[in-house]
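Here's the structure we're looking at; comments come further down.
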Amino acid sequence: MSGKAYFVNGEHGPAIIEGPLTALNWLTILPVPSATAFDRVTGGRVMASVPFIGIVLGIVGGAIAFAATSLGVASIVAATVIVCFWELFTRFMHLDGLADVSDALGSYAPPARAREIIADPATGLIGMGACLISILIHISSFTALLDAHLWWMVMITPMIGRFCAIFGAHSRLKPMNPTGFGAMLIGTVKTHTIIAWLCVLLVICIGVPLAMDRGELITITILGLLCSVTLALVEIRHLHRRFEGMNGDTTGFIMHSATALCALVFAVGVGIVA
């Protein structure tokens, strides 16, 4: 995700429109109009809208899961289609961040060299291994959830993962590089934005199970949220210290790993309850 855009002056539109549309343009394959200005205002609006992208992914993934369950499609096939769709829809952007950061962490190199590894377009063995592990966790966990006819838990997973990503751009964090894509994003998310989205996620984690008449699973959805946020905070602390800053790739790393953990917690929790 890093190094793909540079600061450009321009005019801004209404935040409530510009933020989500630009997020869709930057982070998905949808050809929607985006902001003409490339600055930290735009970056902040995009990061504040990242959980909205999670909602879009969740709704589409949930629709695929529901249709597959209704039609009797094998759970592993449906789970694979959902994960592949998400990766294609987001241009593998976050998977790329997972690979780049994993390679840098696995190198045990000094911060300056680690940042060079992140910027290197080539992917090493550690990065490929991390991607494989994450994808396998996604598919196996979703298979278990679909076997239990809990398609709506698949829907919630990317919402939680995208929410966790915005912690990695909190105003207390600094970018690795003062220019480029990461500098537009890192340090732009305010605490009140995180709190607002946390309230939305809590409503989803409580309201959806109740709407599906599965109130006994609220504990699991809340636990998935808490575990994912905890993982994100631990990762942010380590990454910020390890690389002496954050960038777009670290955001993708946090997002992908938090989503994988959420899916795993959901699947294990449902298995225990069952």
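Glycine is no exception: its Cβ is also placed from the backbone N, Cα and C atoms.
Counting residues 6+ beyond its ends, the transmembrane segment (46-66) has Cβ neighbours under 8 Å at 19-20, 22-24, 26-28, 78, 81-82, 85-86, 89-90, 142, 146, 151-152, 154-163, 165-166, 169, 184-185, 188-189, 193, 197, 200-201, 255 in the same chain. The transmembrane segment annotation in Swiss-Prot covers 46-66 (among others).
The annotation transmembrane segment is assigned in Swiss-Prot to 69-89 (among others).
Listed by sequence, the residues of this chain that lie at least six past the ends of the transmembrane segment (117-137) yet keep a Cβ under 8 A from its Cβ atoms are 2-3, 83, 95, 98-107, 109, 176, 243, 247, 249, 256-257, 260-261, 263-264. Positions annotated as transmembrane segment by Swiss-Prot: 117-137 (among others).
According to Swiss-Prot, the feature transmembrane segment maps to 151-173 (among others), an assignment based on sequence analysis.
Residues annotated as transmembrane segment in Swiss-Prot: 192-212 (among others).
Residues or ranges marked as transmembrane segment by Swiss-Prot on the basis of sequence analysis: 216-236 (among others).
Note on the transmembrane segment (253-273): residues 50, 94-95, 97-98, 100-102, 133-134, 137-138, 140-142, 144-145, 148, 150, 153-154, 156-158, 160-162, 164-165, 167-168, 216-217, 219-221, 223-225, 227-229, 231-232, 235-236, 239 of its chain, located 6 or more positions outside it, place their CB under 8 angstroms from a CB of the stretch. The feature transmembrane segment is assigned by Swiss-Prot to 253-273 (among others).
Long-range contacts of the transmembrane segment (216-236) within the same chain, counting only residues at least 6 positions beyond its ends with a Cβ under 8 Å from a Cβ of the stretch, are 150, 153, 156-157, 160-161, 163-165, 167-168, 170, 173, 201-202, 205-206, 208-210, 246, 250, 253-254, 257-259, 261-262, 265-266, 269-270, 273. Long-range contacts of the transmembrane segment (69-89) within the same chain: residues 28-29, 57, 60-61, 95, 135, 138-140, 142-144, 146-147, 149, 151, 154, 158, each at least 6 residues beyond the stretch ends and with a Cβ under 8 Å from a Cβ of the stretch.
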